[in-house]
Amino acid sequence: MRFHKNLTDGVIEALEKIFNEGAYADRALESLLKHNRQWGSRDRGFVAETVYEIVRWKRLYAEIAGAASPYSRADLYRILGAWALLKGHSLPAWPEFSGLEEKEIRDLHANLVKQRKFRESVPDWLDRLGAESLGEEAWTRELEALNQQAPVVLRANTLRTTPEALRTQLEKEGFKTDFIEGYPWALKLQQRANVFRTQAFRDGWFEVQDASSQKVAPFLEAGPGMRVVDACAGAGGKTLHLAALMENRGQLLALDVYPAKLEELQRRARRAGAYNIEARAITSSKVVKRLEGKADRVLIDAPCSGLGVLRRNPDAKWKLDPGFVETVCQTQRDLLREYSRMVKPGGKVVYATCSILPAENHLQVAEFLEGEAGKGFRLLKEEAVFPSREGFDGFYMAQLERVG
Ligand SMILES: C[S@@+](CC[C@H](N)C(=O)[O-])C[C@H]1O[C@@H](n2cnc3c(N)ncnc32)[C@H](O)[C@@H]1O
C-alpha cells in the first residue's frame, strides 16, 4: 500500500477529534469525508478503515508507540506508523515516521499481547468489570468477538418488498448479499459497501440493522390491530420493524425523550411506508402516566452501556466510564418500573438492551420481578445473544406478561 500525505493527514485529523476532543468516530469521519469530496471511493475506504482500526486498538498501538493522552500529532503519527508496520506495510521516509523500527515494534507487540487488556485493547476498569461479570473465560471470548469488524446486515422491509425481491434488486445495483439462516428478513452484504446510495434504499426497501437487533421486535409478538408502545424508540430501528410486523395496522406509539431522534424516525417511517406510527416526545411524566394500562404491548429498548455493539462503535471503549455504567443501570431500573405500567393486564412487555453485562440484563429483570412494581408480572422467556456465539451484536431481551 502507498501512503498519501493528504489521506494520512485526514486520518490524523479524525483521530485528534475522536481521542482528544471526545468526538464520536462516525461523526468525525462523516465530517472529514464531507470536507474531502475529491477523495475517490478507495481513498475514502482507506481513511475510514484506518481510523476505525486505530480506534479499536488504541490502547495497544498507543502503548507500542509510547504515546500518552492527550495525543500530539507526532504521537498520532507514531501510532499510525506502528499500526501500519504491524499490518505488514512499509512506511514512506517521512519525518513523521522517523525512529520507528519494525523489529522493535514487533518485539513490543509480542510482549504486550500476552495481557488481555493490551491484546484486546480495553481500559483496566472495563477489563475488570467484564471479567468479574462474565467470568475470565467468557469475557476473553466475548472481547475477542467484539473486536472483529461487524458485517453489514440489512433488514428487508416487508411493507415495500420481500427479502428475495430485495436480494435481486440489490444484485442488479451491483451488491451481492446472502440470506442468514434463522433471520428471516436479514441479508448480509458479501462485501462492505455504502448501500445508502442505492435505489432500493431510497425506495424504502430495507434498513441497515444488525441480525441480533432484528430479533427484538418479533420477541414482542405484536400483531396487526394492536396498540403498541415503543417506549425508547430513538431513531426508530425497532419501531420500523414493528410497523412491518403489524402490517401497518393498529397503533404504534413511538416515545423518546429526544425530539430530534423522533424527527429522524418520522423521516425514516415515510421512506419505509410505515403509516401507523405516532411519534410523541416524553416532555413530562404525564405522557407515560396517561398511557397506563392502555397498551397490548410495550417495548423498553433501554439505554445501556452498548457493550454488545462495540464492533460497530469501538470508540465507546474509550468514552464509557464506571460512573456511566452505574447511572445507566439506575435509568434501566427506573424505566422498567415506570414504563411497564403502560401495558394492560394480559399484555406483554419486552425489556431489551444491546449489552452483554448481566447487571443490565437478567439481573435487572430479576430485581424488577422481586420488587413491588414487578409483582403483577411474570417472566415468559428471555434470550441473551452473545457475539462469540452468533457472530452478530450482543443483545438481551426478556418477555414479561402482566398478570395482575
Ligand atoms: C438503545 S436506544 C434505542 C434504540 C432504538 N429503539 C432503535 O431501535 O433504534 C435507547 C433510547 O432511549 C432513549 N431514552 C433515554 N432516556 C429515556 C427515557 N427516560 N425515556 C424514554 N427514552 C429514553 C434514548 O434517547 C435512546 O434513543
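Each residue, glycine too, has its Cβ placed from N, Cα and C.
Annotation comment: TrEMBL describes C354 as active site, nucleophile. Residues or ranges marked as S-adenosyl-L-methionine binding site in TrEMBL: D256, D301. TrEMBL lists 142-403 with the feature domain 'SAM-dependent MTase RsmB/NOP-type'.
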With every protein chain in view, what's the tally of Cβ atoms within 10 Å of the Cβ of D256 (S-adenosyl-L-methionine binding site), excluding that atom itself?
22
Calculate the distance in Å between the alpha carbons (Cα) of D301 (S-adenosyl-L-methionine binding site) and the residue listed as 'active site, nucleophile', and round it to a whole number.
8
Given D256 (S-adenosyl-L-methionine binding site) and C354 (active site, nucleophile), what distance in Å do their CA atoms have, once rounded to a whole number?
17
Using DSSP with the three-state reduction, classify the residue listed as 'active site, nucleophile' as helix, strand or coil.
coil
Chain-internal residues near C354 (active site, nucleophile), provided their CB is under 8 angstroms and they sit 6+ positions away:
S212, S213, C304, G306, L307, G308, V309, D393, G394, F395
